[in-house]
Amino acid sequence: MTIMQKKILLLSTGGTIASVVSDAGLVPKESGEQLINMLGELPYDITVEDILQLDSSNIQPEEWKLIAEKIFENRNKYDGIVVSHGTDTMAYTASMLAFMLQNINIPVVLTGSQVPINVVLSDAPDNLRLAFAAAATCCPNIYLAFDRKVMLGCRSVKVRTINFDAFESVNVPPVAKVTSDGLVFSEQNLSKNTRECTLNTEINPHVSLVKLFPGFDPKLLFAMVKSGCKGIVIEAYGLGGMNYIRRNMVGAVGELIRQGIPVIASSQCLYERSDLTKYEVGREALLEGAISARDMTSESAITKLMWGLGQGWDVHQIAEFFNTDVVGEVTIEKDDTLRVD
Ligand SMILES: NC(=O)C[C@H](N)C(=O)O
């Protein structure tokens, strides 16, 4: 009896995984085919397409669109898709793909490596094998697979520059882990997708992500808006606090919102949620109309803002959008009304 092998498409985009040493430093040169050849026999029917050959520092909204279109085009021809990608912006790409390809009907798994595949002790072969296994077995969704963990793409963050455990699933457990039992799934491997997959690559990249620091001049926010910025994510302090003495960030937020610029307040802390209702410095911002990012990653918050603005939505619609769990990117608690009374 012949067992039907799963059909998996590898879309290769470059990154360290495909890099070689050159006089100019590491540059992505290896093709997807070369990556596959380094893995030896795999129990899948693999097709390869090279769509980009970039360090992921060069991956921007134009490339997100191309990757999303390629996935959409192939979503009914394969059982799963693996996207090889540089690690530096992989969490941004994974988050944006989740918004652009809502209700995706197959597993799409991004992976890369900290060390080029042609180096003896590279992490690339393990990461690629994991990505293929995830693409063959996970529920439909956008994932990031790295260092024996499979995470929801919109919850992943790059947290290390050198060590192999470069990514973490923030505020939710990984979807699956590799143990001696193989790929072991958590309960999260349940697909919520019941609707038709849509491709919507309309985004507005004219946004800013600002990390608040003591002494930050709120006038700079208005300068950004003057230069065309249409929405701002502020990584505020702790639960979402902002200063209002001397330099009035809270007042600036209110003014921007009255001008029609959505301002999202997230936390500089990587873990756990922002909750603007707790302290006066958060409540004031909330009263001025700041929109809470709750427990979203900054990568998800900024890509969600770009996508929402791309739909032509105003401040109220963006607030509504951020109060909605669209692709698993945010935890909305049942009675989480964020009222300040
Ligand atoms: N490890 C990596 O892939 C880093 C590389 N600079 C990239 O993001 O393309």
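Keep in mind that glycine also has a Cβ here, set from the backbone N, Cα and C atoms.
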Of Ser56, Ser122, residue recorded by TrEMBL at the substrate site of Thr87, Asp88:
Ser56
Extent of the substrate binding site in Å [max Cα distance among Ser56, Thr87, Asp88]:
7
For Thr16 (active site), write down the residues of its own chain that are at least 6 apart in sequence and whose Cβ falls under 8 Å from its Cβ; none is a fine answer.
Leu26, Pro28, Asp55, Gly86, Thr87, Gly112, Ser113, Gln114, Val115, Pro116
Enumerate the residues of the same chain, Ser56, Thr87, Asp88 excluded, that satisfy the criterion Cβ within 8 A of the mean position of the Cβ atoms of the recorded substrate site; list them in sequence order.
Gly15, Thr16, Asp55, Ser57, Ile59, His85, Gly86, Thr89, Met90, Gly112, Lys158
Taking the domain 'Asparaginase/glutaminase C-terminal' (206-322) alone, what is its mean pLDDT?
96
For Asp88 (substrate binding site), just count the other CB atoms lying within 10 A of its CB, please.
18
Reduce the DSSP letter at Ser56 (substrate binding site) to three states and note it down.
helix
Quick note, Ser56 (substrate binding site): same-chain residues at least 6 apart with CB under 8 Å of its CB -> Thr13, Gly14, Gly15, His85, Gly86, Thr87, Asp88, Thr89, Met90, Thr93, Gly112
